[in-house]
Amino acid sequence: MKENGAQQWHEMDLPKFEQTMEVNTQQGLSADEVQHRQAQYGPNELIDRGTKSPWKILLEQLSGVMVIILIVSAVISALLGEYKDAVVILIIVILNSILGFTQEYRAEQAMAALKKMAVPHVRVRRSGHVQEISARDLVPGDVILLEAGSSIPADSRVIESVNLRVQEAVLTGESEAVEKHTDPLKGENLALGDRRNMLYMGTVATYGRGTAVVTSTGMHTELGRIAEMIQNVGQEQTPLQRRLEQLGRGLAIAALAIVFVVFILGLLRGEPLRLMFQTAISMAVAAVPEGLPAVVTIALALGAQRMLSRHALIRKLPAVETLGSVTVICSDKTGTLTENRMTVTVLDVAGNQMDFVEQVKSFTPHMDTKASPAPLVQENSAVALLLTGGTLCNDAILEEDTQAGDLSAIGDPTEGALVIAAARVGLRKPDLEAVMPRAAEVPFDSDRKRMTTLHRFQISQLPEALQPLWNARALAAQSEAVLTVTKGAVDGLLEVSSRVWVDGRIEQLNDHWKERVQAANNAMAQKGMRVLGVAVHMDAQVPTDVSAEGVEKDLIFIGMTGMIDPARPEVKDAVAVAKGAGIRPIMITGDHPLTALSIAKELGIATQHRVVTGQELAVMSDEELRAQVDDISVYARVSPEHKLKIVQALQFKGHIVAMTGDGVNDAPALKRADIGVAMGITGTDVSKEASDMILLDDNFATIVAAVEEGRRIYDNIRKFIRYTMTSNAGEIWVMLVAPFLGMPMPLTPLQILWINLVTDGLPGLALTVEPTERNTMKRKPHHPQENIFGRGMAREILWVGLLMGLVSLAMGYIFFKQEVAAWQTMVFTTLTLAQMGHVLAIRTERDSLFQVGLLSNKPLLGAVLLTFVLQMMVIYLPFFQDIFQTIALTPSQLIISLVSSTVVFFSLEIMKAIQRRKED
Ligand code: ATP
């Protein structure tokens with residue numbers, strides 16, 4: 001094959017093109033050839049400039065302002081001849097950086113893994129079989145199959161187009177989708193937008209379907225050539241991070257002011273300048289919360305990883321945060337609330353309804369052979385037409401397991417159910433298609449809620465079961481005719497039908513018939529069934545205008561199939577959990593109002609009988625909808641654009657909306673929603689790209705699980721902030737108050753750095769893996785504008801910090817007054833251990849530590865024990881005593897420090913107990 005991307009592909013005719021690409025488009029590439037080309041061209045991906053290399057992370061760690069201040073102070077210490085201090089400061093810098101680096105690296109890895117997962121899948125034909133592969137594995141020459149909603153995975157040449165339309169705004173700026181065809185084009189320098197037989201990576205198919213052959217991949221594509229990279233998983237700052245950064249700046253100024261006061265007070269007391277200088281630096285490093293935004297990123301990224309294990313793939317980091325404050329979840333019905341395992345159970349033709357399961361019980365179809373159809377089909381022309389039409393106007397593929405005698409289908413489950421039902425009575429899709437090949441089609445779209453196919457057939461070859469159709473129209477003079485089949489929602493189908501098939505005759509579709517059809521439709525829908533109607537039309541030839549308007553008119557209504565699609569068993573519980581958590585689930589479906597209501601009632605979503613239909617929505621003004629939107633839980637027969645209207649009305653009412661969607665037209669609503677949720681299995685690439693989160697299992701319960709995770713992560717970030725800020729406050733109080741009590745500096749600069757390293761470091765991080773609290777899904781969502789210090793946290797930081805500082809200092813003061821030399825070591829130890837008590841107490845906001853158990857956060861327990869052991873080493877090992885200027889405590893001094901340090905823990909536990917009393 002010639003060099004990747006160097007050809008004028010659009011100028012070639014198809015045979016020349018195939019020859020140049022060295023591919024047989026019927027078969028696709030062979031496995032060997034794929035391997036060969038993969039080695040030659042590499043993976044089909046754009047070079048990602050968004051991920052940070054480990055070096056960059058390390059550099060960022062070392063270039064933080066506080067780290068630089070520390071390094072400078074180490075250098076100054078060294079110049080002043082205090083080598084020990086210099087080395088210790090450097091070690092502390094290194095330990096801090098290692099901690100920061102590993103966390104951030106893990107977070108980066110987690111995000112990179114998520115990005116990889118977000119790569120779309122694509123259907124390719126290789127070695128004669130259609131298979132689904134990651135777009136990353138495509139090579140030039142691959143034959144790809146595209147449909148409405150697919151994103152174009154690589155630059156390619158169109159070799160088949162059925163009304164294929166592609167939106168190329170990314171490359172051409174043109175927002176209107178353009179129709180693609182297969183004819184060669186003239187002009188070497190034709191603009192990209194005019195190359196109507198080419199497809200370009202990053203653009204999206206919005207309508208129709210088509211087949212194309214990949215011409216260039218990865219950085220050789222047009223998109224690769226222009227520098228603009230599309231990053232799927234965004235790294236934008238989250239609202240919380242932005243707020244924290246602002247807050248951090250404010251706090252930094254406050255902390256520096258306090259440090260300045262301590263500095264001056266120290267000097268006034270006659271402390272040496274050098275000591276005060278070092279103290280000031282240590283305090284500044286300890287008190288300025290510069291690491292907060294980074295911790296948030298880490299917590300969110302690791303949270304996103306945890307969500308993945310619950311089948312929710314996060315595409316945009318802020319979503320993790322927003323999820324916790326969702327107040328309504330708008331969900332599709334089919335596949336999200338239900339299993340999307342459709343089975344045809346009822347047929348209804350000309351007012352005659354039959355239990356399909358009962359009817360076919362005694363009939364076993366022959367597989368792989370042209371079996372004669374079941375008596376039901378032979379005796380009833382309407383049933384024959386209904387099932388034949390439903391199978392022909394259908395993109396699902398019949399799969400027969402002859403050994404097990406099993407029938408299954410690949411493709412859309414609704415269509416699969418029809419193909420299987422027909423095969424059950426001996427009407428095999430491949431046999432029908434052999435006699436009546438598809439000549440043209442108007443694809444399904446969720447606005448029309450129907451699709452149409454046109455089939456050519458030799459009149460003489462009509463299978464016996466279809467003979468009645470032949471009688472339908474006098475085509476005696478012709479040998480060939482065209483059958484148009486439309487299938488879709490019954491209400492709409494009746495509008496484009498003018499006649500009805502009754503016992504082998506055609507009658508006018510008068511009000512009498514319409515009412516009967518509608519009554520039967522409603523009765524089935526009321527039982528929660530999905531009902532699809534079939535209507536046909538005969539022509540002598542394929543009409544010139546194959547459009548919805550051109551062919552979907554004047555049809556003969558044949559009948560209806562009713563299928564059941566059971567509700568997902570886990571959804572009922574998930575709905576209850578959501579409601580308990582102050583989140584209202586809403587169903588928005590394209591299905592029939594009665595079907596929707598039936599399922600919504602079964603799942604506990606519908607609280608009343610009200611269903612609002614797309615038609616009603618269309619005539620409602622925005623004001624009218626806003627006035628009622630809080631009372632509507634079921635929307636049916638909606639079109640995708642109605643979803644946007646609903647999201648906007650809900651948001652106007654102050655709701656934080658999660659909205660699911662799978663189709664191309666759902667993209668605007670997904671983008672507008674606070675959390676756009678796409679379907680991993682049935683969703684189109686377009687919907688996935690517009691989403692914040694993808695449900696890998698298409699399951700509603702997963703959204704609720706993700707909300708729970710979101711709340712947990714938000715809570716844990718709050719706990720982390722509460723913990724570090726309280727610790728900082730404690731240290732500041734100790735240093736600030738001591739001079740007023742006439743005491744010298746209670747903590748040495750290195751002790752301050754030590755407390756900061758061991759306490760903020762490991763125990764703080766372990767808080768971010770704290771399990772979900774028991775009442776997480778029993779309380780109302782927090783408002784996204786809520787201050788992270790809300791719900792009394794700021795107050796608590798102040799008083800607990802004060803308590804921590806004063807307890808340590810008061811105890812120290814008593815021993816200072818008694819002129820016990822170890823008083824400073826006692827303050828140091830009490831303060832460190834008080835922080836350990838604090839971290840254990842704030843693991844839960846409401847429950848006591850004894851209720852949740854010490855072992856329920858093992859990393860935290862480990863961090864606390866490790867800190868304790870390290871503290872003991874610092875007090876008792878001569879090597880550390882020398883560095884940290886500590887004195888070995890006597891057993892009684894140690895016990896006094898220990899007991900004093902537990903004051904904070906018990907105070908908080910008592911506060912929680914009082915709070916629980918009040919709430920119960
Ligand atoms: P949800 O939005 O809850 O997933 P849905 O799957 O029913 O609901 P759509 O896929 O838009 O929504 O389908 C809407 C209607 O279109 C269905 O009720 C059905 O009547 C009709 N329909 C669905 N699939 C097909 C199809 N393959 N061919 C023809 N008509 C269809």
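Note: Cβ is positioned from N, Cα and C throughout, glycine not excepted.
Annotations in TrEMBL come from automatic prediction, not curation.
The feature domain 'Cation-transporting P-type ATPase N-terminal' is assigned by TrEMBL to 8-82.
Summarising the annotation, TrEMBL assigns transmembrane segment to 57-80 (among others). Beyond its flanks by at least six residues, the transmembrane segment (57-80) meets 86-87, 89-90, 92-93, 96-97, 100-101, 104-105, 108, 274, 278, 281, 284-285, 288, 290, 753 of its own chain at Cβ-Cβ distances under 8 Å.
What TrEMBL lists as transmembrane segment is 86-107 (among others).
Sequence-distant contacts of the transmembrane segment (250-268) (same chain, six or more residues past either end, CB-CB distance under 8 Å): 275-277, 279-280, 283-284, 287-290, 725, 728, 732, 735-736, 739-740, 745. As annotated by TrEMBL, transmembrane segment applies to 250-268 (among others).
Counting residues 6+ beyond its ends, the transmembrane segment (280-302) has Cβ neighbours under 8 Å at 64-66, 69-70, 73, 100, 103-104, 106-108, 110-111, 237-238, 240-241, 244-245, 247-248, 251-252, 255-256, 258-260, 262-263, 317-318, 320-321, 713, 716-717, 720-721, 724-725, 728, 731-732, 735, 749-750, 752-753, 755-756, 760, 764-765, 768-769 in the same chain. Residues or ranges marked as transmembrane segment by TrEMBL: 280-302 (among others).
Panel annotation: around the transmembrane segment (720-740), residues 244, 251, 255, 258, 261-262, 265-266, 268-269, 279, 283, 286-287, 289, 291-292, 295, 299, 746-747, 752, 755-756, 759-760, 763-765, 767-768, 788-789, 793, 796-798, 800-802, 804-806, 808-809, 827, 831, 834-835, 838-839, 842 of the same chain, lying at least six beyond its termini, place a Cβ under 8 Å from a Cβ of the stretch. If you look up TrEMBL, you'll see 720-740 (among others) marked as transmembrane segment.
Annotation source TrEMBL lists transmembrane segment at 752-769 (among others).
Per TrEMBL, transmembrane segment is recorded for 797-816 (among others).
Per TrEMBL, transmembrane segment is recorded for 822-840 (among others).
What TrEMBL records for 860-880 (among others) is transmembrane segment.
Annotated transmembrane segment per TrEMBL: 886-908 (among others), in sequence order. The list of residues near the transmembrane segment (886-908) in space but at least 6 beyond its ends in sequence, with Cβ under 8 angstroms from a Cβ of it, reads 751, 800, 803-804, 807-808, 811, 815, 820-822, 824-826, 828-834, 836-838, 840-842, 874-876, 880.
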Spatial neighbours of the transmembrane segment (860-880) far in sequence, C-beta under 8 Å, 6+ residues away: 754, 758-759, 762-763, 765-767, 769-770, 825, 829, 832-833, 836, 839-840, 843, 854, 886-889, 894
